[in-house]
Amino acid sequence: MWGLMAVSAVGFAVQSVPPYLSGDAADAVLPLNPDVALHYLSLTVHAVPGGLALALGPLQFVNRLRVRRPTLHRVVGRVYMMSIVIASIAAAVAAAVTISGFAVQVAFSILVMAWLYTLAMAYRSIRRGEVQLHRIWMIRNYALTFAAVTLRAYLLLGLQLSPSMEFEAIYTAAVWASILGNVLVAEYFIVQRMLAPLARRQQRRDAPLLSTPV
């Protein structure tokens, strides 16, 4: 799964980041607010570190890398964290001045807050030595990072299925679907792949104690 996500993330970053490196606002993928000169700059500052975090994220979930190269794991983690912080601040500015509508502003504002909160909780847990909890929070954080990819997928799907609908309506639906959908998938993965096995192991450990006659 992480391999597929890595390929998708890198492909998205390679396609989406270059338009913001030209310095020409006409190359922007998203519609710009003509009344705010800093809108393009905020999107650029968001896209570059955001694309880097998107590409680096899957590496942090590779067990072999974490076990065999712990120093590299920590370095990549620090770069990822700084990229998210910078991208989040820029995204907050971009969300405040977007011309895509109030619903999109709300969605991106929630995304930014959740992005920073999950990152802070992941950092806090690893500082306390709570490795499994750190991993859970990082899964949640990367699910929000990966919303950039699913947003593009939902947008393209919506444009294909409903060509007569206004772009703004399809874009708004795609934004919300990418955020909520990724959160649900992340929580399902956490419960099924991490918490459920832990619960089964705990039950097996408790079974002999429960069967012992008093």
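Cβ coordinates come from backbone N, Cα and C, glycine included.
According to TrEMBL, the transmembrane segment annotation covers 40-59 (among others).
As annotated by TrEMBL, transmembrane segment applies to 79-100 (among others).
For 106-126 (among others), the entry in TrEMBL reads transmembrane segment.
Taken from TrEMBL, the feature transmembrane segment applies to 138-157 (among others).
Annotated transmembrane segment per TrEMBL: 169-191 (among others), in sequence order.
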Any chance you could find the range in 40-59, 79-100, 106-126 with the most Cβ pairs under 8 Å to the transmembrane segment (169-191)? 106-126
Should anything in the same chain at least six residues away from the transmembrane segment (40-59) have a Cβ under 8 Å from its Cβ atoms, list it; otherwise answer none. 2-3, 5-6, 9-10, 12-13, 16-17, 20-21, 25, 28, 30, 32, 65, 76, 79-80, 82-84, 86-87, 89-91, 93-94, 97, 142, 145-146, 148-149
Would you mind listing the long-range same-chain contacts of the transmembrane segment (138-157), meaning Cβ under 8 Å and 6+ residues beyond its ends? 5, 8-9, 12, 16, 50, 53-54, 57-58, 60-61, 84, 111, 114-115, 118-119, 122, 170-171, 173-175, 177-179, 181-183, 185-187, 189-190
How about long-range neighbours of the transmembrane segment (106-126): same chain, 6 or more residues beyond its ends, C-beta under 8 Å? 81, 84-85, 88, 91-92, 94-96, 98, 133-134, 137-138, 140-141, 144-145, 147, 172, 175-176, 179, 183
Residues of the same chain, at least six outside the transmembrane segment (79-100), with any C-beta under 8 angstroms of its C-beta? 30-33, 36, 38-39, 42-47, 49-50, 52-53, 56-57, 60, 108-109, 111-112, 115-116, 119, 123, 141, 145, 168, 171-172
